[in-house]
Amino acid sequence: MAITKGEDVYASLLLNDAYLPGALVLAHSLRDSGTHKKLAILITPENISNEVVEQLQTVYDYVIPVETIQNDRPANLFLMNRPDLHSAFTKINLWKQTQFRKIVYIDADVVAYRAPDELFDLPHAFSAAPDIGWPDLFNTGVMVLSPNMGDYYAMLAMAERGISFDGADQGLLNMHFRNTYNRLSFTYNVTPSAHYQYIPAYKHFQSSINLLHFIGSEKPWVQGRTQTTGSSTYDEMIGRWWAVYDRHYRGNSNKTTDVVQKFVKGEQQQQQQQQQRNVSFQLPSSQSHKTQSHQTQSQNTHSTYTSHGASWDASRHSPPAGSKPEAANFPQTHYTMSSNTQQFVPPARYPSPPKDMWYKVPEAAPTQKPAPIFPWEKQAPEPTRVFPEPPPEQGKLSAASTATPSAVASATASPTLEPKSEAVTPTTPASANPWTSFTTRGNAWDDVPEINRYVDALQKHRRSGSKGSAAATSRPTSPGRAQSRSRKSSRVTDFPTEDDRPSLPVTPAPIQGPRSSRGENERQFPAAAGVPAQSEWNPAVQLEKLAIHQQETLQKLGERPAFGGLAIGTAGKEIPARALPFGSEDARSPTYVTQYPSVLSPKPLRANTTGTNSVRRILTIDEEGGDVPLTTTEKKTPSPLPTQPSVTTAPPSYQGPGVAFEKGEDFPTHETPALPTEEERDVLET
């Protein structure tokens, strides 16, 4: 339908297929109220199916596709427990519909008690009703607006930056129209709650209610018809929604009703039961005995399908309130490995194919192999799989068992004959477990001569050493044992026999590398030039030379005159001292190191028992009250500095404890005598 420039419309928004029942009930409630205004709905084509669009076109005058605007910062949506509102910013596309003069926007979860056509006469640019959760804010479920691109671009910039205190459209619009919106009466956007209702106010203003808004995630079509069956105020409001739905979609068996009932909980199940009931009533009595079995089968099929239709759809709804954990329905089938160790024996004849197949079965097996397709099929190796021989018959087995004693007797009568490699029929019965005969002493590559030669080359030096040691401690052995030992043991999987393997110690010895014998492949490398032989190398002498060389090097590098320039290298070149340019007297090089005069440490004095040493003289002078000289003339200390005047130090005035006590500690002024020892007690007591 062509849009008339400057007309007024009721508009709604559909973001997914799940809100189809709400959008249709809203349109029908406005039509039933007698409005003559056009109805428009904004949809996001990427989230709406074609069958849903067809249903909207039967009720709405304009179906307008718009672009989805999502919130990339949905943290505040989780605070409200409404992550489904991540695309609520799409609502700002209403201001982009400048082909309309005035738009009365109504959410798809609203049912109209009456059509509020008087809202189109408001002179304000934007009007909205207060929110029940915070009345200082307005609710964006019902709005009256005048489309303009200025507000659209301003709110689009806020949406792109995620500016919204609740993460949804209501926070964004309240921040944009904070001081410029016109406040509507609460009767234009009554938001009931199942937990709280101001019942006296509802009874008083019940006759003036215009629009009823079901906020939250639990919509009437999501809860189902049987969820609210009481007589409370909230149940009465939900009943108004179901009244409009039943007036247009209940009891009709057409394609439109089937599409709508698919999104309403419990309605598809009731529709199937009603169809089944109608078919059973219309069935002629003459044909009842012919189709009795068919009815039983169809009833079972319908019951299974009904339970599936009434089940919870996780892609559209939240889990039911009284649902049980889904883990109880997990399959409990357990598979175990077969414990049968018997080899597979193919049957003598396979069953014949059925005769009533649509394709023709070949009468004989094909004699020619199919042509190869892949390259590896042309050069495929010969199969090496060995199939078990059929078990011997009972008669042959008994004959072999009777012949066993004679074979044993003949073998005992000729002890000088060497045993043959062919096995004789065993005298002991076979074990019940066939895996006992399995051996791992041989591999397929043990008989390849190239591998044997390669292993012999690697172990040649070991065998030569072992042969030499064996020759030194050889002793006479039997011919059979000598023949068995002369065999080359190049097989990797062979394990030495009891005679070949030595007695192992309790503590394992470390593994040593291979050593070559003196007479075989021994090679001496020439000595390097300038490197002494090992016998001529003395570590102590070399360390002493290194210490002397280091001392000489340090003395050469440390030569420095007392005054004048600095010595550089071993040549002793001096840098002449010269004055710095004017203004650069205080400048210092980054690598300059401050030179301090040498400080002489006090030298220890040798003990002197005659009482004439310097220490005793200092103490004597101190007692007499004289000055204590810092330096004496008895010991002359060489000093590179110029002669300085003698410095005297006054005696200390502190008379407290010595250095053994810390500051703040007390020192004893008197002593307490100790108790007598046991020996002294014995003397005193006697």
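Each Cβ is built from the backbone N, Cα and C atoms, and glycine gets one as well.
Sequence annotations record features per position, and here Swiss-Prot assigns UDP-alpha-D-glucose binding site to Leu13, Asn16, Tyr19, Arg82, Lys91, 107-109, 139-140, Asp166, 169-170, Gly216, Lys219. The Cβ of Lys91 (UDP-alpha-D-glucose binding site) has Leu13, Tyr105, Thr140, Asp169, Leu173 as same-chain neighbours under 8 Å, each 6 or more residues away in sequence.
Sequence annotations record features per position, and here Swiss-Prot assigns compositional bias 'Low complexity' to 285-308 (among others).
Sequence annotations record features per position, and here Swiss-Prot assigns compositional bias 'Low complexity' to 398-416 (among others).
Positions annotated as compositional bias 'Polar residues' by Swiss-Prot: 424-442 (among others).
Annotation comment: Swiss-Prot describes 471-483 (among others) as compositional bias 'Polar residues'.
Summarising the annotation, Swiss-Prot assigns compositional bias 'Acidic residues' to 677-686.
The O-linked glycosylation site annotation in Swiss-Prot covers Tyr196 (among others) and rests on experimental evidence.
Look at Swiss-Prot and you will find Tyr198 (among others) tagged as O-linked glycosylation site, backed by experimental evidence. For Tyr198 (O-linked glycosylation site), no same-chain residue lying six or more positions away in sequence has a CB closer than 8 A to its CB.
Residues annotated as region 'Disordered' in Swiss-Prot: 264-331 (among others).
Annotation comment: Swiss-Prot describes 307-686 as region 'Not required for catalytic activity', evidence class experimental evidence.
The region 'Disordered' annotation in Swiss-Prot covers 381-444 (among others).
Marked as region 'Disordered' by Swiss-Prot: 460-533 (among others).
Annotation comment: Swiss-Prot describes 603-686 (among others) as region 'Disordered'.
The DSSP secondary structure for Lys91 (UDP-alpha-D-glucose binding site) is helix. Under the heading site 'Important for catalytic activity', Swiss-Prot lists Lys91, citing similarity to another entry as support.
Of all Cβ atoms in the shown protein chains, 22 besides its own fall within 10 Å of the Cβ of Tyr19 (UDP-alpha-D-glucose binding site). Cβ neighbours of Asn139 (UDP-alpha-D-glucose binding site) (same chain, under 8 Å, six or more residues apart in sequence): Ala128, Ala129, Pro130, Asp131, Ile132, Gln170, Asn189, Thr191, His213, Ile215. The Cβ neighbour count for Ala108 (UDP-alpha-D-glucose binding site), using a 10 Å radius and every protein chain shown, is 21. Along the region 'Not required for catalytic activity' (307-686), the predicted structure has mean pLDDT 64.
In the three-state DSSP scheme, Leu13 (UDP-alpha-D-glucose binding site) falls into the strand class.
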